[in-house]
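Here's what TrEMBL has on this protein:
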DOMAIN    B:96-308  domain 'ABC transmembrane type-1'
TRANSMEM  B:58-79  transmembrane segment
TRANSMEM  B:100-121  transmembrane segment
TRANSMEM  B:133-154  transmembrane segment
TRANSMEM  B:174-192  transmembrane segment
TRANSMEM  B:239-260  transmembrane segment
TRANSMEM  B:281-309  transmembrane segment
Amino acid sequence: MKDSLSKKLAFQLKPGNLFAHLVLLGIGLVLLYPLVFMILAGFFTKDEFTSSIIGLLPIAKAPTLQNFLVLFYGSADAGIQKYFINSGYRTIYNTFWALLTSLLAGYVFARLRFKGKDQLFLVLLGTQMIPGTIALIPTYLEFARFPFAGGNHIFTGGSGILDTWWVYFIGGPSLNIMGAFLVKQSIEKIPFELDEAAKVDGAGTMRIIFQIMLPLQLPIMAFIAITTALATWNDFATPFFYTSSDKLQTLPAAITRLSSAAASPGAIPNWPLIITLGLGMTIPALLIFFFFQKYIVQGLANTGIKG
Amino acid sequence: MNDRKVVETASLHLPVQNASTKSSLKKFAVRHKDALIATAILSPMILWWLVLSGFPTLFGFFLGFFDWIGIAANPKFVWFDNYVRFFHDPLYYEALWRSIWLGGLVTAITLIAGFGAALLMNMPLFGKGIYRSIWYIPAVTSTVATTQIFNLLLDTNNGVINNFLKSIGKEPIVWQYSVFWGVFWIVVYSVWKGVGGAALIWLAGLQSVDVSLYEAAEIDGAGRWGKLWNVTLPGLKPIATYIVITSLIGAIQIYEQVLFMTGGGPYGKTEVLVFRIYRDAFWDFNLGMAGASSLIMAVIVFLVTIAYYRWSTNSDRSTTIKIKGVKGGPKA
Amino acid sequence: MKSTKITSLLVTALLTVSLSACGGNNNGNNSAATNSPQNSATPAESASASPSPSESTDTGTGNPVTITVLNEGAVGIGVGKLDDLFAPKEKELKGKGIDVTYTPGNPVAAFPLHYQKIIAGKLHEKNISVKTEDWGWGEPLIQKETAGFLAKNVPDIIVGETQMPGFAQQGLLEPFPDDMAADIRANVSPAAWKPMEYDGKIYGLASQPGVSSLYWNKKLVKEAGIDPEKPITSWQELADNAKKVTEAGKGKFYGGGVYAGPNFGGYLRYGALIGINGGSYADANGQPTFNSDANVETVNLLRELNADHPAGLMVNNTEGTYFDAWNKGQIAYLIDGPWQVQQCKDNKLECGMSPIPLSPNGAAANVTIGAAFHSVPKDAKNKDAAFEYIKAMYSKEIQQLIADSNVRSPILKEIAEAPDYQQKHPEMYLHYQAMNGNVQGLPTFAKDNSKVWQVWGDAVVKSLMTKGDVKAILDDAQKKAEQITKQ
């Protein structure tokens, strides 16, 4: 035991490996630095942060947990927990749909033969290249003119689905194109015989997708899940732009507001609180990542050239 | 490797039946059914997608043909005036050019650095998972929150970095009024955020290269670099397609870091096109120019991507075939 | 392939329909605008002394109305139905050990709470309840307001700062009813409404706007051997003193002066200097007037002051950095709004305050700053009720509360000019006097407003950061700006 341990250690300390350790750790720490800064800054009071000169590693002289308490318990005018929960619901909902749509569409584009398939796929892929800013105002108009919703007589008169849960519901089931692309790549590596055998067995398309393809796609599903979950969790534009009610707010939108309110003239921004909230937004995202991280590499590897 | 194992175990659950005459008939029917099934599966999704992003985007493009300045003003159809202006006004074509080279620069640095890290992470090291996680953490953070941290670090007067420079007796640097530093920090931020993700994807690529190919190369007497050049790099092409395209698309559309870090300054020299679009739409209510710029941006990115996609899928196909041949050999 | 043609046709048709739906039907909702508010007894009412219950029934309409109002940071206590917010807020403040009682005429600790309570109370008399929403401030707020106007989905009262005059000029806001406007002109300080005046009509009001004054850090000034109690009166004196402080500071602290970054934070603050010297940013038609001799002189002063700052601080992109230096006692002079009086106390700085010094041929002038203008959009659903809200903003009770807060000055002449106020709040009275003089807002340029401002901002930065001739730089900016506005 001991012998093999020291052997392992010796192996890790071979020049090449040692070099790798040093580089990965060294740069890794540099990459982590902004986060460390955020954690340290969270212990400051607003007054101390405003009045002191902040160094590379800010250490509060009178550390306080106040900011972290706000993060967990909220305050009268910012129910943080509610925002957390809303963010969580949205994340789960969108992730579910992203998985479903990319699996189905990925299979269709990989396996089924129909006219104009490649062109359609290329067009869908192409839409990923359009700056999202351009759709912001038209989407707003569309939501506001949603027929018969929110007091609309057909198109006008009310506020449509703006500021309702529909803003979130409607966002989920849309096709996840990058996910479909990955699933397509991955399914194309699976031998056709597998489908054939299942078809012989009398399996329909849905059974092939869910009973045969899905188990093989689990790693790639994990990758799609994590990217969608992170994107949804960090998305501040949708909640901020299309909703106003407090009950619909998510954490990033709340943080955007707190920060922008701090920019009004005359107010000294409460940096420690803003930073702590930003940090709090990151922690669940980190948990999502840690939970799925080992699948990411595996999942992406599947889209590669193994076959 | 894993993949294959899973395939095999999965196939075990399928009771093998002999093909009958019925099955060939079925096959024939299925082949014609493909289009129907595809329609049934895709049309709800695409319809949904059209409502949510396709239609609003088209609408945005459509506005590009209007002179519409000001919310209350009536839009006036002006054909291609906005497009003509785009290519005559340095404000726009310079911003486009900046988007392209800045995006290219960010992509190149991110991917090269990520590749180096992936090579190291692919070595048999203790705590690989931890390194992976540490490197990926920046990607998890939100742009709004972390650009603010960068701004605190880069503050001209009491910024952390300038304080540090002062403490070691150097002159503080006015980051905001230097194009070089503006670009530098935008690139640093983008790379900081992107390198971990790139490393992970490269790592996946490295691990998907078939070990038997390395063995074959070793028999042929290839050294470390020979293997990297002849086996690893060609084997990475498909993953490279994915990562280059997605990174490039993302990097050309960078604007939040510009908005939050330099504000386009100094003198608009770090203004990228998406930032310009944003300002046109929300600060000047010039929805016509915003629509036209978006369309031009989309077309250019689309062309670049298609060119790259064509080029790389062609080579992808050839490597796939080659590898299949090698792999299929001993297994068959 | 046929189907694609049909789809594209359909798409085009749909686009046309929706476009006309959002651009064209301006006339649909406007009929309500011509109805003047049914309650014309306003002047008497706003002057009435206390919240007298006897008046509560005379509005008559009877139907309970709920209006939606955007929150403003300085007076916000959360979002939702106002009535539901008081209890939890009170509890929270008590938990923090903050005194939640208030008697008019005495200092107030829980200012936003009482502000909203008074507003809610006054509106209840008219059977109006208030729901607040928070759309942020600055950039995000402008985004949401733009989209909201396009979709005709706006609250009954919107707030904002520099974007509001632009909204008014575009015809998106409802002008105040004539009797109300007359009342405001007669009884309210111009800083509160002058920037929102357009074509002879008033489109918005701020209940506690500010104008800039000169502040100085007494400790730093003393170290430079300058009498910390003696106010500065001329530009020359300001420049000289700033230089002295910088020399005395030896890199530890600097003279300072005014923030001049290329954004509204800068334009608003040195805008006062521009006005004092008789210059301007734009003429009445929204055309730029960048390169006037008066402006060249002002920018030359800014350049002189820039030498008395840490490198780059004066034109830093974010104004927060500049005020951070002031709060940390690194610069001695500052031109800023009235909140500095309170903040100096909070940050334990001993500050002096005086009107902004004048140029040789200049006359006192100022720019409204830190104002949350409240306006009623054309598309608001309850305009009459919304105007009642604005009346409550300049009511005696609210203005008394603002007077007692000692952070801003009241805008109601009756309160501010009472001898009691001058005695109790000498600094804020000084500020009130400045609000009552020649006060302007920032102009909105004829076309592509933000682009033209950017040209100006960049020109000022260039004047400060390079050694080029100021006149030549401003001439160039004028040319560039005209290219945009006269396109």
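Cβ atoms are placed via backbone N, Cα and C, with glycine included.
TrEMBL entries are annotated by machine, without manual review.
By the Cβ criterion (distance under 8 Å, sequence gap of 6 or more), the transmembrane segment (B:174-192) is counted as touching the transmembrane segment (B:100-121), at least 3 such pairs being found. When the stretches B:58-79, B:100-121, B:133-154, B:281-309 are ranked by Cβ pairs under 8 Å to the transmembrane segment (B:239-260), first place goes to B:100-121.
Long-range neighbours of the transmembrane segment (B:281-309) within the same chain, counting only residues 6 or more positions beyond its ends whose Cβ lies under 8 Å from a Cβ of the stretch, are 60-71, 75, 78, 82-83, 85-86, 92, 96, 99-100, 241, 244-245, 248-249, 252-253, 273-274. Packing against the transmembrane segment (B:58-79) from elsewhere in the chain are residues 284-295, 298: each is 6 or more residues past its ends and has a CB under 8 Å from a CB in it.
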